């Protein structure tokens, strides 16, 4: 564990140095081929860095933050697109914005006054639920397989939300900026389109829109016309998301991809595109009630996740490794308290 933390710190020091280069050198280059050319080595380097870490949690954080989000932000930066362009005047602002899964929104007095205290309560409840799940894993051999899989699904959601929320704290503390929440109560979804577009892991949604969706929509307008132009763009976004998840899985498992995860996202892309078609051709009065469509969407998510999304992680023991890390941390904490 100590060696892993050392590697993790080393990785992030190298990442910060790389982003300093982007801020001081690449940002000063004129528009054209020079900026993409200067940033290409950094993008390749960020793809390599997660390979130097092996702990499930640490490699997952590093891969998601650097190999996916930071690289996509740098791709937009190559063509002078937000969120890194125009570059912030402050170096630390640039580093936080590039390396952390945050979308900054200027804080106003009305936002400060109306900030709901329920967020803190919900955060504490989710921490307790996560701790309870880890405790229940001690008895998972006595539980039905589907119950364990349901626990894993809740675990992934809560741990991902808590990780992204904690990652936003430094930027909020240093710059006094309001960070847009990365999840919007996904269990209240009314459709697959609502789930993926407005509720689940919104930082990924905000990155895939300018890098994939908008360019593909511009291209497809010439091919299928303005009425159906969103359909190829939606499916392309899900294909790219599937491929990036395969890359994340490779970093965590170090096993060649099986493409199950890619098919999971392709299937959902086709389903979301079908929803868009239905909404365009079926009058609103004839559509399913949001409660019914939401329940169907969550059911579809659960079935396809068990079928295609989770198996690769389970086959390679990622769940056991994650639980093992937690047990080691608990033993360390107990030792410190005893001392």
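Here, residue 1 is simply the first one shown, and the rest follow in order.
Every residue, even glycine, has its Cβ placed from backbone N, Cα and C.
As annotated by TrEMBL, transmembrane segment applies to 6-26 (among others).
Outside the transmembrane segment (120-137), and at least 6 residues removed from its termini, the chain residues within Cβ reach (under 8 Å) are 143, 151, 154-155, 158-159, 161-162, 165, 323, 326. For 120-137 (among others), the entry in TrEMBL reads transmembrane segment.
Residues or ranges marked as transmembrane segment by TrEMBL: 149-175 (among others).
Annotation source TrEMBL lists domain 'Wax synthase' at 180-266.
According to TrEMBL, the feature transmembrane segment maps to 228-250 (among others).
The feature transmembrane segment is assigned by TrEMBL to 262-278 (among others). Under 8 Å from some Cβ of the transmembrane segment (262-278) lie the Cβ atoms of residues 191-193, 196-197, 228, 230-231, 234-239, 241-243, 245-246, 287, 300, 304-305, 307-309, all in the same chain and six or more residues away from its ends.
Residues or ranges marked as transmembrane segment by TrEMBL: 290-310 (among others). Tertiary proximity for the transmembrane segment (290-310) is limited to same-chain residues at least six positions away from its ends with a CB under 8 Å from its CB atoms, namely 146, 149-150, 152-153, 187-192, 194-195, 260-261, 263-264, 267-268, 271.
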